[in-house]
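Novice: I have a structure I would like to understand better, so I am pasting it below and will then ask my questions one at a time.
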Amino acid sequence: MSTMIFMYFIYIVLYASGIAANLSYHVHEKRSIPVWWQRVSRIDPHAFLPLTIALAQQNLEHAEDYLLSVSDPSSPQYAQYWTAEAVAAKFAPSEPTARKVMSWLNQSGIAPAGVRRSKSGGELYMNITAQEAEKLLHTTFYIYKHQLTNKTLAICEKYSVATFVEKYVDFITTTEQFHHGLRRRSFQDPEPRMPSGKSPGHYVELADDSFPFPYLSFGSSVGLLKNKILSDSLPSNCDKLITPDCLRALYHIPVRNTSHPDNSLGIIEFTWVGYLESDLDKFFNIFQPSMVGNRPKFESIDGGFIQTLVPSFAFNGEADLDIEYAMALTHPLNITNYQVGDIWSLGNMNNFLASLDSTYCSAVDPVYDPIYPDPTPANPPLPSGYNSSDCGTHKPTKVISISYAYEEGEFSPAYERRQCLEYLKLGLQGVTVVFASGDHGTATRDGMCGNTVIDSNQISDHEPSYVPTFPSTCPYVTSVGGTQVPANGSVLDAEVAFDTIITSSDGNVSSRLTSAGGFSNVFAVPGYQATATRDYLQRLQNKYTLPVNLNVTGFGSGRGFPDVAANAAAYATAVNGKLVKVYGTSASAPVFASVIAWINDARLNMGKQPVGFVNPVLYANPQVLNDVAKGSNYDCANLPAYHASSGWDPVTGLGTPNFDRMLDLFLQLS
C-alpha cells in the first residue's frame with residue numbers, strides 16, 4: 001500500500017468513526033532562545049510555515065545495551081561493530097509510530113493530502129499556515145531576527161502535542177527563514193566570528209630566541225608494540241613549556257615509521273577557525289623537520305574552507321594547535337581536517353553529524369544550528385553561501401577529536417538528548433569520539449555563575465549553580481579534562497590538575513583557567529560510571545565541605561565528567577608566524593585522541609577492530625591510566641569547587657593516558 005493511500009485510509013476511518021478533536025495536550029519541548037535571536041513581532045497568521053515532525057525512533061530503550069554489547073570488555077560481542085545501514089535500520093521509526101502521529105494530525109484537521117513522509121520514513125512534512133500551526137501545537141509563533149546575519153526566523157518558545165502521541169514524536173521544527181532584508185556585507189566587513197561554544201583561546205607569546213631547549217631529533221623506529229621516547233635523555237622544562245617530546249615522555253606515546261592504511265584520526269574545526277600552512281611548517285621545522293610540507297587530508301562540509309582572510313590567534317590558534325600536535329604525535333598516520341560551515345553561516349556539531357548520518361538531517365534546528373543551503377548572495381571577492389546541504393555525504397574517521405565545549409544550559413534537553421544519541425550510534429560503528437571538557441572549572445565561559453537549571457524538559461530560573469559542559473555530559477563520548485606538570489617538576493613527576501592564571505600583555509586583565517568538570521543536569525549517570533562517581537562522592541563528603549553553590553539537580557545522580565585527562569598547560573604552538581604558549585583542554589583532546597589512534601593502529605595490524613567507545617573498558621580498568629590526585633578546579637567565585645583525588649574525580653577523570661598499559665590491555669581484548 002502506498003504511503004498516500006495509507007494516509008487517506010487513516011483519514012477516512014477517523015472521519016467515519018466520528019472521533020472528537022477535543023484532545024488533551026502536554027508541553028513537549030520548552031526552549032531558551034539563544035541571545036543572538038531578537039524577537040521582532042508576531043507572525044502573520046496567514047503566512048505559510050513548513051513544519052517537520054521527526055518521528056520517535058524505535059528501540060531507544062535498548063540503545064545503551066546495544067552500545068555496551070560492542071564496547072563492554074566482558075561482552076562476547078566486544079568490537080563486533082555495526083554498519084551504518086544496520087544502525088539506521090535498528091532505530092528507524094516504526095509504522096505504528098507513523099500511524100499514531102498521522103491520526104493526531106487528522107483529528108486536528110490536517111488533511112492527509114497535505115502531509116508528506118520522507119524517503120527514510122523518519123519525518124513527516126507539511127506546509128500549513130501559522131494560524132493552523134499555532135492551533136495544532138498550542139503555541140504562539142514570533143518572528144525573530146539574528147543579530148549577526150540579519151536572517152529572520154519563525155520561532156515558538158514552547159509547543160505541545162496531544163498526550164496520546166507524545167511518545168511517538170521526537171521533535172517538531174519549522175524551517176521557514178524569511179530572507180527579506182538580508183544585508184550584503186562588504187569585503188571590509190565580513191563580520192568574522194568565533195563558532196558558538198568556543199572562546200578565542202588562551203595564549204602567551206613566546207619569543208623564538210627564548211625557546212628553552214634545543215630540538216631533539218627522532219630516534220629510529222622500533223617494533224610495533226613497544227614505545228621509544230624521542231631521545232635517550234628526557235626533555236626538560238616541561239613544567240614551563242610543553243612540546244611533542246614532553247608529551248611522548250609523559251604518556252609513553254610511540255614513534256613509528258609506518259601506520260596501518262585503514263587507520264584514521266579526524267580533527268573538527270568550524271568556520272572561521274582554520275590552520276595556516278606556514279604555521280604548520282614553522283612548527284615542524286622546530287620539532288620535526290622531516291614533516292615540513294605535510295598537510296592533513298581536507299574534507300569540506302557545508303562549504304567548509306581553510307580561512308586565511310583574517311589571520312589572528314582567534315581564528316588560527318585552535319586549528320594550528322590541534323593539527324600541529326595531532327600530526328606530530330601520530331606521524332605518519334594521515335590526519336583528516338573536517339572543516340564545517342561556509343563563510344557566512346559557520347557550522348557546528350549538528351551540521352557535522354548530519355553529514356555522517358542522513359537520518360539526522362531533520363534534527364538540524366534553525367534556532368540553534370546553521371541551515372544549508374545558505375542563500376547569502378556573493379559579494380566579491382567573498383563567495384556566495386553554500387548552495388547545497390551535506391546530508392549523509394561523509395564517513396567518520398575511526399577517532400574524532402573536538403576541542404569545543406558548550407554550556408549544557410545553552411540548548412534544550414531534547415536537542416542535547418537527540419545529539420547524544422548520534423554519538424552512541426558512532427560508538428556502535430566503532431568510532432571513538434573525544435571532546436575537550438572546557439577551561440573554566442564549574443563556571444561559564446565568561447567565568448560567571450550559572451543561573452539556569454534544567455529539569456526534564458522545563459527550563460526555569462534558579463539560584464546560582466555550577467555549569468556543566470556539553471557534549472562532555474553525554475555519556476557516549478569520552479570527555480578529556482586538563483592536567484599540568486607541577487611547578488619545577490619533571491616528566492617523571494605525577495601531574496596535577498590544570499590550574500593556570502593568564503595575564504594580558506598589559507598586565508591589566510587576568511583569567512583563571514581550570515579543568516571543567518562536574519555532573520550533568522540532563523543525563524543520568526551511566527552504569528559503567530556509577531561505582532566511580534559514588535566512590536568519589538563518598539570521599540568528597542568525608543574529606544571536604546560540599547561546595548556552597550552546588551545547586552544542581554545532577555549532583556550525585558547525573559553523568560560525571562571528564563572521563564580522562566591530558567596536559568593542558570603551555571603548549572609551544574606556531575600561530576601567525578610566532579611561537580606562543582597555548583593553554584586549555586583544547587590541547588588535551590587531540591593528545592588523548594592520538595593515543596587512541598596508535599592503539600587502533602596496533603589492533604588493526606593484528607587483524608582486530610578499533611577500540612570504539614572506550615569508556616566501559618577504562619572504567620573497568622582504571623589502573624591503565626596515571627591517576628591524578630592533587631589540585632582542584634574552581635567556581636565562579638574563584639574558590640575551589642571539586643577536588644582531584646585517587647580514583648575518578650570530576651576534575652581529571654580517571655587520569656592521564658599511559659600508552660604502554662593501555663596498549664597491553666586493549667590488545668588482550670578480542
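Counting begins at 1 with the first residue displayed.
Quick reminder: no glycine exception, Cβ is built from N, Cα and C everywhere.
According to Swiss-Prot, the signal peptide annotation covers 1-20. The domain 'Peptidase S53' annotation in Swiss-Prot covers 241-669. The active site, charge relay system annotation in Swiss-Prot covers Glu318, Asp322, Ser586. Here Swiss-Prot flags Asn334, Asn387, Asn488, Asn508, Asn551 as N-linked glycosylation site, drawing on sequence analysis. Swiss-Prot lists Asp627, Val628, Gly647, Asp649 with the feature Ca(2+) binding site, giving similarity to another entry as the kind of evidence.
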Novice: Which one is it, among the recorded positions Asp322, Ser586, Val628, Gly647, Asp649, that lies nearest to Asn488 (N-linked glycosylation site) by Cα separation?
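Specialist: Nearest in space to Asn488 (N-linked glycosylation site), counting only the recorded positions, is Val628.
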Novice: Quick one: average pLDDT across the domain 'Peptidase S53' (241-669), no decimals.
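Specialist: A mean pLDDT of 92 is what the predicted model shows over the domain 'Peptidase S53' (241-669).
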Novice: Can you tell which of the recorded positions Asn334, Asn387, Ser586, Asp649 lies nearest to Asp322 (active site, charge relay system) in space, using Cα positions?
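Specialist: Ranked by Cα distance from Asp322 (active site, charge relay system), first place goes to Ser586.
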Novice: Of all the recorded positions given, Asn334, Asn387, Asn488, Ser586, which has the fewest Cβ neighbours within 10 Å once its own Cβ is left out?
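Specialist: Per-residue Cβ counts within 10 Å for the recorded positions Asn334, Asn387, Asn488, Ser586 bottom out at Asn488.
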Novice: Quick one: give me the count of other CB atoms within 10 A of the CB of Asp649 (Ca(2+) binding site).
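Specialist: Neighbour count, Cβ to Cβ under the 10 Å cut-off: 32.
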Novice: List only the single closest residue to Ser586 (active site, charge relay system), chosen from the recorded positions Glu318, Asn334, Asp627, Asp649 by CA-CA distance.
Specialist: Glu318
Novice: Taking the Cα atoms as reference points, how far is Val628 (Ca(2+) binding site) from Asn387 (N-linked glycosylation site) in Å?
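Specialist: Approximately 49 Å lies between the Cα of Val628 (Ca(2+) binding site) and that of Asn387 (N-linked glycosylation site).
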Novice: Out of Glu318, Asp322, Asp627, Val628, Gly647, which of the recorded positions is least crowded by other Cβ atoms within 10 Å?
Specialist: Gly647
Novice: Nearest to Glu318 (active site, charge relay system) in three-dimensional space, by Cα, is which of the recorded positions Asn334, Asn387, Asp627, Gly647, Asp649?
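Specialist: For Glu318 (active site, charge relay system), the spatially nearest of the recorded positions is Asn334.
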Novice: By the DSSP assignment reduced to helix, strand and coil, which category contains Asp322 (active site, charge relay system)?
Specialist: helix
